[in-house]
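Enquirer: Sequence annotations record features per position, and here TrEMBL assigns domain 'Major facilitator superfamily (MFS) profile' to 34-514. Per TrEMBL, transmembrane segment is recorded for 26-44, 144-166, 172-200, 212-231, 237-260, 311-344, 364-383, 419-444, 490-510.
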Amino acid sequence: MTRTRSIPPGILLIRSLRGKDWSLKTYRYLTLLVTFIAYTAYHASRKPSSIVKSVLDPGPNYESSSDYNNVVLPWPMGDFFLKYKPPPVNGSTTYNLGKGKGWAPFNGKDGTSKLGEIDVAFLAVYSLGMYVAGHLGDTLDLRLFLTAGMIGSGIFVGLFGMGYFWDVHHFWYFLAMQMVAGLFQATGWPSVVAVVGNWFGKRKRGLIMGIWNAHTSIGNISGSLLAASVLEYGWGWSFILPGAFIVVAGVIVFLFLAAYPEDAGFPNAGEASPNARGSIQDEKLIWEEGTSNDEEALVPQISSVHRKGVGFVGACFIPGVIPFALCLFFSKLVAYTFLFWLPFYLSQTEIGGERLSVKSAGNLSTMFDVGGIVGGILAGYISDRLKARATTAASFMYAAIPSMLVYRTYGNISKTMNVLLMMLAGLFVNGPYALITTAVSADLGTHSSLKGDSRALATVTAIIDGTGSMGAALGPLLTGFLSTKGWDAVFAMLMIGACIAGLLLSRLVCTELTERTATSPRPRNNVEAFNDLPNDIQCYLQEAHYLCFPVKDVIQTTPRIAYANNHR
């Protein structure tokens with residue numbers, strides 16, 4: 001059923017201006033671009049708090065520290081490595097952040113703990129809200145739901161920054177703004193994964209989503225740059241600018257994102273003629289997939305509103321959802337521990353016989369994300385080739401164990417060695433994390449057990465990533481306690497977590513290996529090969545008395561049979 005009223009207004013405008021419609025392939029590219037921008041904006045709006053922490057809580061010695069104007073600026077706005085931290089230039093107002101006084105209530109003795117409480121509150125509400133948001137995303141129009149979530153996120157991120165202009169010094173205000181922002185942020189991931197999953201089949205889904213998942217790292221970097229670029233005018237602007245960015249991105253989503261092929265005017269894939277093999281006779285509606293493989297065809301959908309959603313409990317019973325969700329709990333525990341604590345670890349560890357500045361440590365830590373981009377793409381590509389998502393994810397988690405051990409042992413030899421080993425660790429840690437939250441979630445949300453009767457993409461994604469976000473909150477908390485006992489204890493925890501993540505997929509790995517063995521082609525004997533020949537060839541062989549030879553000779557003489565058949 002085609003529903004004209006669901007076609008995004010921006011697409012309708014372009015159609016009227018062009019006088020013709022785009023192809024399906026073009027719509028797929030547009031979907032990837034719009035969702036990429038959307039989640040880049042989500043991640044960019046999460047970065048301001050980490051950028052301004054040193055301003056809100058400068059620490060007791062910040063005012064006299066030579067690191068005064070180097071704490072907050074990420075690369076590429078400054079030198080990558082800084083051995084010495086130049087003091088601020090006399091008479092200059094550049095990066096004048098209040099002479100190190102901080103901002104009440106975060107500049108007291110318990111300021112660091114208060115900032116930590118805000119982070120934990122954000123992650124807790126985010127993970128819990130995702131379960132609800134996932135079900136709502138499968139029940140409501142995904143385009144409108146995602147737009148509302150983005151605009152709401154932008155408003156409350158901006159309101160946090162308005163505390164600077166309104167001279168707010170109440171802890172509850174900042175806590176409330178972060179919690180509500182976390183609730184709106186929960187709408188993002190289930191929605192964008194569901195949209196991409198609706199437009200792409202399974203054959204290349206892992207590779208496509210692996211490349212697409214680079215928005216996480218790009219969002220982190222762009223958010224840091226946006227927040228730092230206006231910090232000299234007051235820390236409030238560091239929240240308002242990223243907040244405005246996600247609002248603008250939300251408007252783009254409203255105008256140009258078609259959540260389902262049907263919302264762009266394409267017919268339901270399940271209504272196509274069975275003889276068409278994915279093609280529609282209408283010249284404008286060609287399924288330009290480039291292959292006749294049934295696996296690549298779009299998952300049968302019906303309109304994004306006239307469709308029932310799978311309940312939370314029903315989604316949990318989809319085979320593979322619970323194991324992957326638990327695996328992501330420990331995988332994200334490891335990944336987010338690196339995200340929150342790696343800069344601090346680098347600043348506290350001698351590398352090449354010297355310690356880095358706070359800024360340089362932050363710069364260096366971004367190499368972990370660079371390795372993660374490569375890992376996400378590689379994991380997606382391998383899982384596509386092997387058609388084994390669980391095996392690929394488990395293999396990466398097991399490989400992350402020695403990579404973290406080697407990084408801890410040899411990462412302090414030199415900066416070059418540290419960068420290489422950090423990227424290797426990021427590759428294996430973030431690879432399965434990216435794979436599970438993208439391709440695996442999309443696969444399970446369109447599982448064959450659903451029989452195309454209901455919608456579960458956003459719900460399944462929410463269950464998996466919501467469970468993983470609980471691990472993301474737990475990992476940094478445990479690290480804060482274990483780091484007082486030494487970093488070896490922290491890395492031991494990370495390696496144990498990676499091992500548990502791999503073991504949780506053992507049953508699925510065994511299933512994939514068994515299916516792969518069972519479906520491998522069995523060598524046919526000569527009788528089976530003879531029976532597969534056309535009936536007229538079999539009759540001719542019998543008439544020509546070829547069967548007086550051993551059957552294997554019959555198969556070996558196939559070229560002679562063909563020649564004889566052509567000259568009967």
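Cβ coordinates are placed from backbone N, Cα and C, and glycine is handled just like the others.
Would you situate these features in the structure and describe their surroundings?
Expert: Long-range contacts of the transmembrane segment (144-166) within its own chain (CB-CB distance under 8 A, at least 6 residues past either end) are made by residues 38, 41-42, 45, 48, 103, 133, 136-137, 173-174, 177-178, 180-181, 184-188, 191-192, 195, 234-240, 242-247, 249-251, 253-254, 257, 259.
Residues 27-28, 31-32, 35, 38-39, 42, 45-46, 49, 117-118, 121-130, 132-134, 136-138, 142, 145-146, 148-150, 152-153, 156-157, 159-160, 163, 208-209, 212, 257, 259-261, 298-299, 301, 437-438, 441-442, 445-446, 457-459, 461-462, 465-466 of the same chain lie 6 or more positions beyond the ends of the transmembrane segment (172-200) yet place their CB under 8 Å from a CB of it.
Distant neighbours of the transmembrane segment (311-344): 119, 131, 135, 358, 361-362, 364-365, 368, 372, 390, 393-394, 397, 400, 422, 425-426, 429-430, 432-433, 436-437, 440-441, 444, 447, 449-450, 456, 459-460, 463-465, 467-476, 478-479, 483, 490, 493-494, 497-498, 500-502, 504-505, 507-508; these residues of the same chain sit at least 6 beyond its ends, with a Cβ under 8 Å from one of its Cβ atoms.
Beyond the transmembrane segment (364-383), the same-chain residues lying 6 or more positions past its ends with a Cβ under 8 Å from any Cβ of the stretch are 74-75, 80-81, 205-211, 213-214, 216-217, 220-221, 335, 338-339, 342-343, 346, 356, 389, 391-393, 396, 415, 418-419, 422-435, 438-439.
Beyond the ends of the transmembrane segment (419-444), by six or more residues, the same chain brings 189, 193-194, 196-197, 200, 202, 205-206, 209-210, 212-213, 216, 318-321, 324, 327-328, 331-332, 334-335, 338, 342, 364-365, 367-376, 378-380, 383, 389, 392-394, 396-397, 399-400, 403-404, 406-407, 410-411, 456-457, 460-461, 464-465, 468, 498, 501 to within a C-beta distance below 8 angstroms of the stretch.
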Enquirer: Looking only at the domain 'Major facilitator superfamily (MFS) profile' (34-514), report the model's average pLDDT.
Expert: 78
Enquirer: Is the transmembrane segment (490-510) packed against any residues at least 6 beyond its ends, judged by a Cβ distance under 8 Å, and which are they?
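Expert: Those are 320, 323-324, 326-331, 333-334, 337-338, 341, 345, 388, 390-391, 393-395, 397-398, 400-401, 404-405, 408, 429, 432, 471, 475, 478-479, 482-483, in sequence order.
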